[in-house]
Amino acid sequence: MNNPKNDNYLSELSKVIWPIERYENKKFLPMAFMMFCILLNYSTLRSIKDGFVVTDIGAEAISFLKTYIVLPSAVIAMVIYVKLCDILKQENVFYVITSFFLGYFALFAFVLYPYPDLVHPDPETIESWSVAYPNVKWFIRIVGKWSFASFYTMAELWGTMMLSLLFWQFANQITKTDEAKRFYSMFGLLANLALPVTSVIIGYCLHEKTQIVAEHLKFVPLFVIMITSSFLVILTYRWMNKNVLTDPRLYDPALVKEKKAKAKMSLIDSFKMIFTSKYVGYIALLLIAYGVSVNLVEGVWKSKVKELYPTKEAYTIYMGKFQFYQGWVAIAFMLIGSNILRKVSWLTAAMITPLMMLITGAAFFAFIFFDSVIAMHLTGILASGPLALAVMIGMIQNVLSKGVKYSLFDATKNMAYIPLDKDLRVKGQAAVEVIGGRFGKSGGAIIQSTFFILFPAFGFVEATPYFASIFFVIVILWIYAVKGLNKEYKVLVNKTEK
């Protein structure tokens, strides 16, 4: 005989492991597959883009690309997107943008990448200009390898346009509130599996023993995979529009309520909000400090990775391994993050990220500044040189900082909005997104690129002590902001509970 208690237990356990109803699989699985394909491309692009720029132009060029090319390109892309939405149906907008990326990947794979000498200016001319105009030498070197700069920009835009905008807009449009509670967490878990899968694919395609194509075309199979993945995204989206959005059990436009538009604020209004509200200002400082501190360490780390892995293939394989660890750590933090939030105070949970950043950042810079001492005492024990150890510590720092962001940092930041009154909560969040989002993502790149313009003789080797000093100042300000916000947060929470 079946035991009812055991049956109930197994039923509850299955809901925890797979909270999707059987009939909902028709809707959930294609969406999860779409997100997996988008993230597969995203993580592959992230590994490759740095390999091309760092090894062919220099690690210093990344900060210039982020500040002067990626940022304006993102603004232009958003303007084009808004215009497309005015003249086309939402479904067709998706096809146009995805097809544009697919077309670019094909162009790069079969024209720009195989024939760099035909599309790039003469290297000697570029070098002579760089010597003649040292303050703008990084701009000149970027122009000299413009196809790699364009690839870097498109890689950055893929994450913004395809994942943050098109996929989530589609998901929010067709997902009911009760479905979202079960679907979205599962999306995160399944999609993060794309990162370790990317690592395996990159490791195989670029391995010296793998002979799929000629040696100088090693990256072509990866580009073919990205083109195929983009095509599968289009096909899946088309299938969902034909088969899911026509199924009344899975999609009813009347039940999926129109979401309220988020409050949008101008840059000036955002500054006013942040400077007039200490509480909102603290939250903005958290976001800015996170973005700047991550970028400052990441730039130095990538320059060290280049020293250790000087070829495109070796560098990209290493970045693939980085994606592998990042994927599993992100999944682990997603699973344990909610438990940490339930068992500790807001202050403790919010303090974990800056303290982790401080400790790992200090260890990373210590391995750079005291490499000769470390080489004397630890190399024999650990069987690795100081450069390899510095790169390893830098990878740990980057993996943890990104893993913690999606679980603890974002969660504690969003919790801080809850005690605010409705008006301040809506306007404050919009202000933080404008100021914190823009200055957090580009702040570190602006600091680094400005430094290299003012001091053209400096590279990352000479600039590291200055960037390290700025890093520690930023993290200390971050800790101060967490403590200050906690005082304000406790006062508001106590008021709302009374």
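Count begins at 1; order follows the chain as displayed.
Each Cβ is built from the backbone N, Cα and C atoms, and glycine gets one as well.
Listed features, source Swiss-Prot:
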| type | residues | note |
| --- | --- | --- |
| TOPO_DOM | 1-33 | topological domain 'Cytoplasmic' |
| TRANSMEM | 34-54 | transmembrane segment |
| DISULFID | C37-C85 | disulfide bond |
| TOPO_DOM | 55-67 | topological domain 'Extracellular' |
| TRANSMEM | 68-88 | transmembrane segment |
| TOPO_DOM | 89-92 | topological domain 'Cytoplasmic' |
| TRANSMEM | 93-113 | transmembrane segment |
| TOPO_DOM | 114-147 | topological domain 'Extracellular' |
| TRANSMEM | 148-168 | transmembrane segment |
| TOPO_DOM | 169-184 | topological domain 'Cytoplasmic' |
| TRANSMEM | 185-205 | transmembrane segment |
| TOPO_DOM | 206-218 | topological domain 'Extracellular' |
| TRANSMEM | 219-239 | transmembrane segment |
| TOPO_DOM | 240-279 | topological domain 'Cytoplasmic' |
| TRANSMEM | 280-300 | transmembrane segment |
| TOPO_DOM | 301-320 | topological domain 'Extracellular' |
| TRANSMEM | 321-341 | transmembrane segment |
| TOPO_DOM | 342-348 | topological domain 'Cytoplasmic' |
| TRANSMEM | 349-369 | transmembrane segment |
| TOPO_DOM | 370-379 | topological domain 'Extracellular' |
| TRANSMEM | 380-400 | transmembrane segment |
| TOPO_DOM | 401-438 | topological domain 'Cytoplasmic' |
| BINDING | G436, G437, R438, F439, G440, K441, S442 | ATP binding site |
| TRANSMEM | 439-459 | transmembrane segment |
| TOPO_DOM | 460-465 | topological domain 'Extracellular' |
| TRANSMEM | 466-486 | transmembrane segment |
| TOPO_DOM | 487-498 | topological domain 'Cytoplasmic' |
So R438 (ATP binding site), by the Cβ count within 10 Å over all chains shown, scores 16
Should one count Cβ atoms within 10 Å of each candidate's Cβ, the binding-site residues G436, G440 would be headed by G436
Taking DSSP helix as H, G and I and strand as E and B, the topological domain 'Extracellular' (114-147) has 27 helix, 0 strand, 7 coil
Note: among disulfide-bonded residues C37, C85, least Cβ-dense neighbourhood at 10 Å is C85
Top stretch by Cβ pairs under 8 Å to the transmembrane segment (148-168) (candidates 34-54, 219-239, 280-300, 321-341, 466-486) is 34-54
#### Entry: Contact check, the transmembrane segment (439-459) vs the transmembrane segment (466-486), 3+ Cβ pairs under 8 Å, seq sep 6+
yes
In this predicted model, the topological domain 'Cytoplasmic' (169-184) has a mean pLDDT of 73
Of the listed stretches 185-205, 219-239, 321-341, 349-369, 466-486, the one with the highest count of C-beta pairs below 8 angstroms to the transmembrane segment (93-113) is 219-239
The answer for the transmembrane segment (219-239), taking Cβ pairs under 8 Å and residues 6+ beyond its ends, is 30, 33-34, 37-38, 40-41, 44-45, 48, 91, 94-95, 98-99, 101-102, 105-106, 108-110, 113-114, 162, 170, 201-202, 205-206, 212-213, 312, 316
Between the C-alpha atoms of S442 (ATP binding site) and C85 (disulfide bond), the distance in angstrom, to the nearest integer, is 27
The DSSP breakdown of the topological domain 'Extracellular' (460-465) into helix, strand and coil residues is 6 helix, 0 strand, 0 coil
Spatial neighbours of the topological domain 'Extracellular' (460-465) not adjacent in sequence (6+ beyond its ends, CB under 8 Å) are 59-60, 299-300, 303, 365, 368-369, 448, 451-452
For the transmembrane segment (349-369), out of 34-54, 321-341, 466-486, most C-beta pairs under 8 A are with 466-486
Other C-beta atoms within 10 angstroms of the C-beta of S442 (ATP binding site) total 21
